[in-house]
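Lifted from Swiss-Prot, the feature list:
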| type | residues | note |
| --- | --- | --- |
| TRANSIT | 1-40 | transit peptide |
| REGION | 41-482 | region 'Catalytic' |
| MOD_RES | K71 | N6-acetyllysine |
| MOD_RES | K71 | N6-succinyllysine |
| MOD_RES | K195 | N6-succinyllysine |
| BINDING | 214-223, 249-251, 464-466, Q562 | FAD binding site |
| MOD_RES | C237 | S-nitrosocysteine |
| MOD_RES | K239 | N6-acetyllysine |
| MOD_RES | K276 | N6-succinyllysine |
| MOD_RES | K278 | N6-acetyllysine |
| MOD_RES | K331 | N6-succinyllysine |
| BINDING | F461, E462, G463 | substrate binding site |
| ACT_SITE | E462 | active site, proton acceptor |
| MOD_RES | K482 | N6-acetyllysine |
| MOD_RES | K482 | N6-succinyllysine |
| REGION | 483-516 | region 'Membrane-anchoring' |
| MOD_RES | S517 | phosphoserine |
| MOD_RES | K550 | N6-acetyllysine |
Amino acid sequence: MQAARIAPSLGRQLLRFGGGSSRPTALLGQPWPGPARRPYAGGAAQLALDKSDSHLSDALNKAKPAKAESKSFAVAMFKGQLTTDQVFPYPSVLNQEQTEFLKELVEPVSRFFEEVNDPAKNDTLEMVEETTLQGLKELGAFGLQVPSELGGVGLCNTQYARLVEIVGMHDLAVGITLGAHQSIGFKGILLFGTKAQKEKYLPKLASGETLAAFCLTEPSSGSDAASIRTSAVPSPCGKYYTLNGSKLWISNGGLADIFTVFAKTPVTDPATGAVKEKITAFVVERGFGGVTHGPPEKKMGIKASNTAEVLFDGVRVPSENVLGEVGSGFKVAMHILNNGRFGMAAALAGTMRGIITKAVDYATNRIQFGEKIHNFGLIQEKLARMVMLQYVTESMAYMVSANMDQGSTDFQIEAAISKIFGSEAAWKVTDECIQIMGGMGFMKEPGVERVLRDLRIFRIFEGTNDILRLFVALQGCMDKGKELSGLGSALKNPFGNAGLLLGEAGKQLRRRAGLGSGLSLSGIVHPELSRSGELAVQALEQFATVVEAKLIKHKKGIVNEQFLLQRLADGAIDLYAMVVVLSRASRSLSEGHHTAQHEKMLCDTWCIEAAARIREGMAALQSDPRQHELYRNFKSISKALVERGGVVTNNPLGF
């Protein structure tokens, strides 16, 4: 199991957490993004909008040379901008051939997990049965995204998400075995491997003949990548590296033959000649010799997956097995993790779908007080909230996968949000299922307690949710901070930057005055969702106002304001969730899906509550004295606990 790692300066490294992105930095003086398509706007309205956008774009184009701007909604929302390119309309990326191929896979994969795989038995044995592994190999499940010419199934991200959702619905431990293998284990070879590396390793990995593992965590390094101690020293001849060290809690660690390993290597600065230690990624074969593993770890959940310590003792790794460039290992690791997070959201959407089915089945058959319990308001609210969480998670997963399939390189914040939201939503949904089932839910036979145990790890590995919240907030604030810096420079030459100042500065002044910035989703969301669209825009403006105020106040020091950053991240998560469900429900309404009105209710209900949370959360952040008192109390209480070694207060009885 892997947690995302952060280097010594927490704030600085968090801003690199989206590593590997080729997204151009957002700069001031860029042209206004192309006019948003408003499928529900009348012709005259769209013409007026286009004309308005055109005038502003001309003004900005005259101000400074045009440069590409991020199309990420999440990046833009921190700046108070409504960038809809990647979120409206809800993306449909599969062509007819891809859709038909996927349909041919869904049925046999579903049937396999219903008829062959036994999750309860896997859990008891604490291993995946050999018949299951063999069946998965025959289905091609070990190489879903490996190109067909290299022996894989060749799926795009959206197709992969659909199959992962099936796995997550039935057995998370099997999902970890498959995910540790292909989502992170050999993903580096797919993303950064040379032609020779791909041809050498991917065919056997895709067939399942060999398994892969991702080796980053060490005993002394959890969320701090720079503290890894595993080293790789180049030989005098330059033909190989000698690898020494150990990696902890590695999924597939006791089964894998191929490892993506991260180690410190000496790197010489060509300009100064100074030698620094930097992280480098390697493809390591067990067959190189010197690679061993410890016994399987005893765990709370995902017991059927193999988790073990992996040790490297004088392993000679050929220089051609460097993955990416020497010294670029942090970038490689972060890119791998960023690239796979949508898959976790898809899997957990499947988990929730299965759990909700169990909850509904119980609620429709259990009779208490002479009534089936689904008729009681408390149960109805639980079921409604459970399915809202599933709908949001699923909407996020397929939004991000589609963005990736469309060629976006700027999805890091969205992917992190989907992982945070999905892992927390799945826990809540499963916990509520147990509550609905009462004592029966606590029993082993229904299998819900196993799912709850399996789920707990998802908030920890591939980036703990705490670290990812800091990343979401800091990455968003970084882009906004650059914009504020650019506005400051523009003010020094107001005549040369008139278009810019009239555009962005005007919006900011109106927002600060509570007048709104003129943003609207009118004509973009379906007319039946117009009120929810208005709530989303209001929430965005409230959120952006606070982001700007806190950046102006703290400047670079914001990296140390973790109490604040956590709350900004929560607002960002709610805001992104509002937009993805608005988009998905709009598509269902416009295409006349039979579930459209149900989706409208899910969307409206989510938006009402999310808007209220954002409004209350941002209002609290704006009342500085009270917030500062809270933060001081948190620090003081925590300090007292640490000094005491536990609870400070005595028992009320005094002994």
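Every residue gets a Cβ built from N, Cα and C, even glycine.
Positions of Swiss-Prot features highlighted on the structure.
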residue	record	DSSP class
K71	N6-acetyllysine	coil
K195	N6-succinyllysine	helix
F214	FAD binding site	strand
S220	FAD binding site	coil
C237	S-nitrosocysteine	coil
S251	FAD binding site	strand
K276	N6-succinyllysine	strand
F461	substrate binding site	coil
#### Entry: Cβ neighbour count within 10 Å of T217 (FAD binding site)
26
### Message
Using the alpha carbons only, what distance in Å do you get between K550 (N6-acetyllysine) and F214 (FAD binding site) once rounded?
### Response
38
### Sparsest Cβ surroundings (other CB atoms within 10 Å) among the binding-site residues E462, D466
D466
### Task
Could you work out which of the modified residues (K276, K550) has its C-beta surrounded by the smallest number of other C-beta atoms within 10 A?
K276
### Message
If you compare CA-to-CA distances from E462 (substrate binding site) to each of the recorded positions K71, T217, K239, K276, which comes out shortest?
### Response
T217
### Message
If you count other CB atoms within 10 A of each CB, which of S220, S223, S251 wins among these binding-site residues?
### Response
S251
### Summary
Counting across all protein chains, other CB atoms within 10 angstroms of the CB of C237 (S-nitrosocysteine) number 7
### Query
Which of these recorded positions is closest to K71 (N6-acetyllysine) if you go by CA atoms: S220, K331, D466?
K331
## Note on the structure
Counting other C-beta atoms within 10 angstroms, the emptiest spot among the modified residues K195, K239, K278, K331, K482 is K195
